[in-house]
Amino acid sequence: MEMESSAASTRFHQPHMERKMSAMTCEIFNELRLEGKLCDVVIKVNGFEFNAHKNILCSCSSYFRALFTSGWNNTEKKVYNIPGISPDMMKLIIEYAYTRTVPITPDNVEKLLAAADQFNIMGIVRGCCEFLKSELCLDNCIGICKFTDYYYCPELRQKAYMFILHNFEEMVKVSAEFLELSVTELKDIIEKDELNVKQEDAVFEAILKWISHDPQNRKQHISVLLPKVRLALMHAEYFMNNVKMNDYVKDSEECKPVIINALKAMYDLNMNGPSNSDFTNPLTRPRLPYAILFAIGGWSGGSPTNAIEAYDARADRWVNVTCEEESPRAYHGAAYLKGYVYIIGGFDSVDYFNSVKRFDPVKKTWHQVAPMHSRRCYVSVTVLSNFIYAMGGFDGYVRLNTAERYEPETNQWTLIAPMHEQRSDASATTLYGKVYICGGFNGNECLFTAEVYNTESNQWTVIAPMRSRRSGIGVIAYGEHVYAVGGFDGANRLRSAEAYSPVANTWRTIPTMFNPRSNFGIEVVDDLLFVVGGFNGFTTTFNVECYDEKTDEWYDAHDMSIYRSALSCCVVPGLANVGEYAARRDNFTGLALRDEVKYSASTSTLPV
């Protein structure tokens, strides 16, 4: 386990974990200790002596309480030899007993945690655990996780283990600790549903890298590791060329039935399509998604809805997670920031809202936060640098050019510079530290103009106009471009889409969607651009499609269960309770697959 040398450090304060003493009492007793006055105990460590007061040490450590009060120790005894700890660590322990603070650094954290564990000083243990959580990175996550084998740090262990699972692909590329895993440890990691890999190829390649580190002693473990790969989810070409023909696999008799079963599962999947049984077969069972796409509210059946659905991209399924106590809302904005989903502005067929609600997806609770300065229906919302930006919209009387931003720490909205144009039914995103807003309706016409906001200068700048007028547009940053998708040009709902290059200040067309739509949800999940629901010119829709910039093609995804437009989407990554929002992997009873699916001409599945 390696951390950056003493570049990072913290002084841990823990006034509430052990018995509390007033600051004045602590200061007085510490002065007495340093002066050697009224001390009634000497702690001896490897020849070093530390004067102290028994009462003070007892107040922070049950170890010292037991040591000083046990029947076999004379209460008059003054000198105690303490084994198993260095003088440096004992010095920190004693200072903590008097001051309730301790400096924690990358250089001392392991020894300090071990010492605190030995003396049962839970305040320091917790402080060290919090420090190690903050230091987690690709290089040390395995070492920190293994470190918790020796000490009771369940929260740190969970945090480190989930860091490994969530960052597996990147960790394998750079971590020396990965190569030192035992076969059991590697097997336990790659069999987890929570393992965050977009393609199972990455799991197989990780196995090969691990074996290649010590091929003579590890090649026989291929038979243990290969069944943990979801082989039937691989592209057939990769499976045939890279897995079936691999020398380690071919040389293993135990791998032959695994390969045969994988081929059967791939055939069934190709011929019959996905089925519920795929969730119980370890070769076809989708991993849990790292990020969940939420589709929130909207207009359905002639009125606003409170429906919330969660999209599981790894399983291509929607899960209804509607909170019945939540009120209906349409033409609102949604944003995810620091663990919360924010629902901003909107319309309920009676009122235009300036209110903002915050949803905790772990606790599943809603709370009202500070309202905006203006009522904003058809609002454009985005997140940048820990602020939520809300721009334009319609307040029930006029289309707005005003904009404001919300800071969660202060629970306040602050007005920023107004835009150059009134824009309702526009859409916004962020790219390279700037806010982009495109299209919309100014009260007279649908707009093809776009502008960018610089947070440092608090100024809006007009950029190159789009190729089409677009109100009810979807705008999202994807790769190195700003994408403007669909919308209404004043006559028709659009299938067209275009991408803006900030470097060249130009727009280029991309392939058209399968379906025209305006007032839909848009987000990026697993490196795919998703468009969700909307209005097609005749009716609200529930269909979903996604665009892959690598193939420059659109693909059909699973329909929502509810027809709706005027919804808003946001993506929530790294949920501790992601299983509650994903399609169930055990005893699956989720949504039935569609009877008919329209696919891109070049493929019959979502790209992976």
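Numbers here mean position along the shown chain, with the first residue as 1.
Cβ coordinates are placed from backbone N, Cα and C, and glycine is handled just like the others.
Lifted from Swiss-Prot, the feature list:
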DOMAIN    39-106  domain 'BTB'
MOD_RES   Ser501  phosphoserine
REPEAT    292-339  repeat 'Kelch 1'
REPEAT    340-386  repeat 'Kelch 2'
REPEAT    388-433  repeat 'Kelch 3'
REPEAT    434-480  repeat 'Kelch 4'
REPEAT    481-527  repeat 'Kelch 5'
REPEAT    529-574  repeat 'Kelch 6'
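Of all Cβ atoms in the protein chains displayed, 13 besides its own lie within 10 Å of the Cβ of Ser501 (phosphoserine).
Remark: secondary structure over the repeat 'Kelch 5' (481-527) totals 0 helix, 23 strand, 24 coil, with classes taken from DSSP. When the repeat 'Kelch 1' (292-339) is classified with DSSP, helix, strand and coil residues number 0 helix, 24 strand, 24 coil.
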